[in-house]
Amino acid sequence: MPEPVPAAKPEGGDAPPADGEPESTELTGLFVEKPPEQVVAIAGTDVTFIARVDSTTLARKPTMKWLKGKWLDLASKAGKHMQFKETYDRNTKVCIYTYEMKIIKVVPGDAGGYRCEVTAKDKCDSTTFEISVEECILSGVMYVCFHTCRDAGEDEGDLDFSALLKATKKRKKPEEEKPQIDVWELLKNAHPSEYEKIAFEYGITDLRGMLKRLKKMTVEPKHSEAFLKKLESCYSVEKGKKIVLTCEVVDPDVQVKWLKNGQEIKPSAKYIMEANGNIRTLTINKASLADDAAYECVVGEDKCFTEVFVKEPPVTITKLMDDYHVVVGERVEFEIEVSEEGAHVMWSDQELHKEKDTKYRFKKDGKKHTLIIQEATLEDIGMYHAWTNGGHTKGELEVEEKQLEVLQDIADLTVKATDQAVFKCEVSDDKVTGKWYKDGVEVLPSDRIKMTHIGRFHRLTIDNVKPEDAGDYTFVPDGYALSLSAKLNFLEIKIDYVPRQDPPKIHLDTTGNMVSQNTIIVVAGNKLRLDVEITGEPAPTVVWSKGDQVRTLQRADPPPCRDPVTEATGRVRVESRKDLSCFVIEGAERDDEGNYTICVTNPAGEDKAVLFIKIVDVPDPPEHVKCTSVGEDCATVIWEPPKFDGGAPIKGYLMERKKKGSSRWTKLNFDVYESTTYEAKRMIEGVLYEMRVFAVNSIGLSPPSLSSKPFMPIAPTSEPTRLTVHDVTDSTCVLKWLAPEKIGAGGLDGYVIEYCKEGDTEWVVANQDLCEKQGFTVRGLPVGEKINFRVVAVNIAGRSPPATLQQPVTIREIMEHPKIRLPRDLRTKYIRKVGEKINLTIPFQGKPRPVATWYKDGQPIDPKMVNVRNSNVDSILFIRSAEREHSGKYELVLQIENMEDRATIEIRIVEKPGPPARVKVTDVWGFNAALEWDPPTDDGNCEITGYTIQKADMKTKEWFTVYEHNRRTNCTASDLIMGNEYMFRVYSENLCGLSEDFHTHLPFSIGLQYKPNPYKEKDMNCVPKFTQPLVDRSVVAGYSTAISCSVRGFPKPKIVWMKNKMIIGGDAKYLIQNNQGVLTLNIRKPSTFDGGKYSCLAVNELGQDEVECKLDVRGKSKVV
């Protein structure tokens, strides 16, 4: 973040500009000239604002931004209304940049707060100003001020439409011209209870903002005693960037508090507080909208304030709105996507803000914003818009009336008296209602007239038709410009009774459910209603029969029949109307399939017809579903077709599977699968599954089959790895291998080893039981034959691929020279202490099995003293408790026939040595005594490494060590006390430690004469003198450094460090060290203020000396 450059406040009060032109103010920051703080512009005129920047001290060209409100960048509004200009005078020596903003034909919407902000590489400066618009009226002058509240948040800078409305109303009723009144003076002198009255009277729309500014104007600035440099008046930062607030305090050691909106800020990763000398900084990382607030730096009772403005980047629309074309009643979803989550989106159409209408629902899902219209109507037609602060999109909605189709029209009816008339129609929408009309008059229901609406069918039933019922009947659906009409004709017949006889006749309709002339197909569960027209005089008797069953309905006086069926009786029944016989089967079943005969008779004759009714149904479920094989992630399932195909050919099958214990079935195929064998894939190894199958025909889906037995996808392991031949004899072969790389959920049960002769194809199993180890010895092999070997891993899923040797193995004993592999630690002298255990393992090789023999010092070892165990590959020498007689040279001889190999091991058993012999005092002088002794007679079987000498005063008899690890057999005991008697004892020491016994010399006394040697004390006094001076240094700010020198002098001189001739006190930033005359001054994280001349002064009673150096601290640039 660039460092803000403070600007000096202008002296004196605010002077109004002349003729609307901006006035300049005097500054000390980057600005040479600023726009005036208050500008009153007349609507319809042009106004220009000028700002000049001095770039003499800048490293690069400055950048200027003109802003309205908090964050609205006016560069995006450049055009006919707003124009921006930048000029630079190259003729003058002063580098001045001139920036102009021109507003052409000012409108009331241009009123508000503005800010111009100039930034360079490491500096920035800003200034604010306000524009008020003066509205001109024909009959007078009215001033309407448009202000923006500084606490308005995101709405700052928008137009004040309430003021515009007030101005419009006043145009209708012009007022007399009033003298201009200074509203600021009026508010300053008014009582707070009169503020709202004044605001209403003079059209003030931003009363809160004016009161805040009035309060700042009346309060005189108070001089701060705690701050050298206060915080800037405001800071601006983009969302997500870093900002640094900096102030300078008087006391470099004082503690400060940082407040945000009055609440103390705690240090965190987001808020970093630093103190560097007198500079106090607050760093805000990744600024968000929540950081847009007022901040304070508090030192005791003193405070300094600032305000941080966080500029939110505009939210753009990444997915535009689509157009919709729907019919009435359909759901509409206008969806857009924006660039950031949680962004504010405003919806509206041409006339109405949709968020105010409860008919519309809004949905937010991350970056998606959706406007939902549950049921579209014709009123919803129009253009819909969506706005963000950085984008706009629109979509058109077209709504059409839903077309209503007539599936069955009303037919004309001709009925006789007392008959029933039924008007019936069918439309496409089952929710549509309607009304019936007769000759244009609405028909009302009564005991004789009934109107019904069932699904898509509308019926008008008229019982006991009368002559006045004749006329035109119309059905009008509600909401549709549609009508269905039919005519009811009343037939009045007068017949003289003349006996007539016509033979009966059956008239079959072959256009309905019949697939042929005498076959009818019915889906099981559906209803069959077969209407057969019958003619004949007198009325014939109708008899329906299936096989030997007979169903009759008497139309005259029928003869008795078997199994009579009356109307509305039973599932299978016969209904009759005049000239019509209806055969009905409710809920057809498979047993209803067969030949049906209808026979009609009367005195004039007889007629018959045979019909075949075929019942079709969904097939039975498939049978015997089972799993035949499994793989790592697959399984093969087979089944048998269903016994009954439902009367229609089987088209295929659908399969489902589930995990055992679960109730959730998963479909395996969506297209019909024709075969009865299916391989299910993408299964999890080691999990139990169950399968079931559905059969499919043209009627539908069968019930599911019984679930298969649970099965588990398991794959055999991969082949064993690294199969090698470990050993071969005349009849055996030792094989070794490693486990398979991939074992899987089935685990590993063991291995099978197989072999065959070279050229044969028949493999012989070498092990009857599974081998669980990774090695096996194949026995009983023929000598001299070439044999191939292979190893197979076995688990519950079966055998793995075999691991085979690349070449056959010749079965023959291989002669190998004996070779002893002596360990490295046994190639040197092997030393152990008495009583320790010795266990030596000597590996060897050789074929056939060699003979191992041990010797000690050229003689065979005694098995009572040393234990030996030999194997095919090594020989072990074991001594349970070592003694010194076990020391010696041990030799291992390895023999195979006339070949041999030898290895020698030297073992030495050691223990603690004996005590020294003949300890005596040979001489005594002053405070000293000379001792001598002889080496011990027993050295413990190893070299004596030294002696330990101790002394004891006869008064205390406490022993003190005089010497340790003394290599000689004599020593001198010093620091003895004259007149006392002493005893001495000496220990011998070897690899095992000190000897347990010791030799003691009897007490003796020290002489009383002491003659010190005369000497002359040397005078060491000298004046302080620096032997190494200070050296000039140049360091980078923020990195600790040190300066050093060296001094000598006696008495020890006093050291004083100074900076710029000022003594450095107890500042924690400096660390002073003095080590044997080497003087060091450490400076922790120096800043540019720490540069200067440093000196070091050394003083004692004989004189003084001083050295100095120059320290240059280079600043480092800040990176935002």
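Including glycine, each Cβ sits where the backbone N, Cα and C put it.
Automatic, uncurated: that is what TrEMBL annotation is.
Source: prediction; values computed, not measured.
The feature region 'Disordered' is assigned by TrEMBL to 1-25.
Residues or ranges marked as domain 'Ig-like' in TrEMBL: 22-132 (among others). The DSSP breakdown of the domain 'Ig-like' (22-132) into helical (H, G, I), extended (E, B) and coil residues amounts to 7 helix, 58 strand, 46 coil.
Feature annotation from TrEMBL assigns domain 'Ig-like' to 221-316 (among others).
The domain 'Ig-like' annotation in TrEMBL covers 402-474 (among others). In the predicted model, the domain 'Ig-like' (402-474) has a mean pLDDT of 87.
According to TrEMBL, the feature domain 'Fibronectin type-III' maps to 621-717 (among others).
Per TrEMBL, domain 'Fibronectin type-III' is recorded for 719-814 (among others).
Per TrEMBL, the feature domain 'Ig-like' maps to 818-906 (among others). Note: the domain 'Ig-like' (818-906) comprises 6 helix, 52 strand, 31 coil (DSSP; helix = H, G, I, strand = E, B).
Feature annotation from TrEMBL assigns domain 'Fibronectin type-III' to 915-1009 (among others).
The annotation domain 'Ig-like' is assigned in TrEMBL to 1024-1112 (among others).
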Check: At least three Cβ pairs under 8 Å linking the domain 'Ig-like' (221-316) and the domain 'Ig-like' (1024-1112), pairs spaced 6 or more in sequence?
Finding: yes
Notebook entry, point to check: With DSSP, how much of the domain 'Fibronectin type-III' (719-814) is helix, how much strand and how much coil, in residues?
Noted result: 0 helix, 45 strand, 51 coil
Notebook entry, point to check: According to DSSP, how is the domain 'Fibronectin type-III' (621-717) divided among helix, strand and coil residues?
Noted result: 0 helix, 42 strand, 55 coil
Margin query: DSSP-wise, what's the residue breakdown of the domain 'Ig-like' (221-316) into helix, strand and coil?
Written below: 3 helix, 49 strand, 44 coil
Item checked: Number of helical, extended and coil residues in the domain 'Fibronectin type-III' (915-1009), per DSSP -> 0 helix, 55 strand, 40 coil
